Amino acid sequence: MSSNIFKRFKSAEESLDEDESVTPVYIPKAKRAKLEALKAKKSQIASRLSTHKQQSAPTTTTNTSTTASTTTTATTNNTNNSKPSIQTKKPTGKKFQFDWDVEEEDTASGFVPLIEMDEEIDDPLFSGQESTHWTNKNLEEMTDRDWRIFKEDYNITTKGKNIPNPLRYWNEGSINDKLVSIISQLGYEEPTSVQRASIPLALKKRDVVGVAETGSGKTLAFLIPVLNYILSIDENYLKYEKISNEPVGLILAPTRELALQITKEAEKFCKKLGYQVLPIIGGHHYQDTINKIDQTGVHLIVATPGRLVDSIERKIVDLSKCYCLVMDEADRMIDMGFEKDLNKVLDKLPTEKQLSSTIDGRIFHLEKRSTMMFTATISPTVEKLTKKYLIDPGYLYIGGAGEALDNISQSFEFLSSATTEATKFNKLIKIIRSHWRVTENPLIIIFANFKHVCDSLSQELSSNDINNVVIHGSKSQDMREQAITNFRNHESEVLIATDVAARGIDIPNVTLVINYQMVKKFDEYIHRIGRTGRAGNLGESFTFISDQDTEIFTPLKKFLKKGGKRLPDWLYKHQSQTVQE
């Protein structure tokens, strides 16, 4: 009730009561009772305030009675005398006159709350607003709000029914203890975002569609569920069938390089578990594959689609017991023309009917085939593949897949029609040497669109004392593998490559990507610069571009604007011209 008194506008009576310097005003008898009641309420409020203070009553309380007395006197004088006395203040020479020093006096220190409480108020408006962060809670203490914050922290978005909560720590999920131990031995401290999201869903034997960029930790995101599945298979079956040519798990990749990288990662686990992993890729003799299977058998195959189809047709491998499938970079497999081969492979896999009508259901502890698909984008073809071969999948979107890469600085050099090839190459030399001066342990990838351009660049760089290696489609598999090994080990600090050869290469410490020739499809630009700035590191890209690349300008403009990047002048001018047209 007291708050209403102080919030309303002051009447003439109140103004008179508070300021002795104003001219007394006659107060009708009918209003005097109301004024006295108002004074009484003020006195009560002042009394309440004083009980909560440890010091003497404030001056304003004393002034109330003084003011009241003055007001009464002034009123009496106004009644008895025809000319009321007017109180005036001595002029100070200031434009504005106050009863206090504006610069020195501060009333904030005199604030005393009406009620002081040490205990928290049980207010329903604040219920559920917990102050404890999820990192300080046990798993069973996590609330829905905690999980929402968790997903925001790790840029995880999900779509689908009954998606389980992400994985916080390796030892909190339903991962086999043997795998948890190996993960610790190999030095994987915490899961990445894609691993946190996909592993719990896959361990529920749900189909998974993961939308994430290369370099986000996808390999371990599908290896852990695959190996966890193999560990759940009947031990007697694995013991007696391990020397057969019937793998129980299959991982498909678009390129030989990516398949070899996945194989290398899988071998770290399989050697400790006693499992056999085998790559089936082009460039290797069929007889070598046959000999390997005859000697050790195979549990897990990592393959490219085309080579695997040939191996199936030659009866080298049999997929009739393969109930666990992974498709890595599915969008790239389709873009590279493997859709037909991919469908052939998937049609060779066992069905749910085989699980329910044979002993396989008890051996493999499954009711349906388990499929995981990872892709950078969901194209119509990928969506069609998903609907045909996956059952009720959960969709996982990790980070900014398909969006601008915030941790990569993107620079451009616009070349006029008068720019010679020699001028362009000299600029390339300056960029490389400048990067070397300011970067510790630099690794540079140079992309070109044609094999002969790669070879020419290699020769010119070598003549300028820049050690480099080259990979493209005309290089043998052994030469490509050796080139990547030399680059990875810093024996050569520059790798020159075409898009197809470099697709899927995962070298974590690439510091600079140079597009010597701009791509014809914009998606390839994203894949190229995505070779740097991996695993949270910062990266740089430099692109030579000219009027011959105008078909890329519009998607490039949208890409840069979406990521909050500054548009180069030449691209901004192109935008203006487009709008005017």
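Placement of Cβ uses the backbone N, Cα and C atoms for every residue, glycine included.
Here Swiss-Prot gives motif 'DEAD box' for one range in the set 328-331, 408-411, 424-427, 540-543: that range is 328-331.
Cross-referencing 1-24, 121-144, 145-168 with Swiss-Prot places the feature region 'Disordered' at 1-24. For the motif 'DEAD box' (328-331), the number of residues in each DSSP class (helix H, G, I; strand E, B; coil) is 2 helix, 0 strand, 2 coil.
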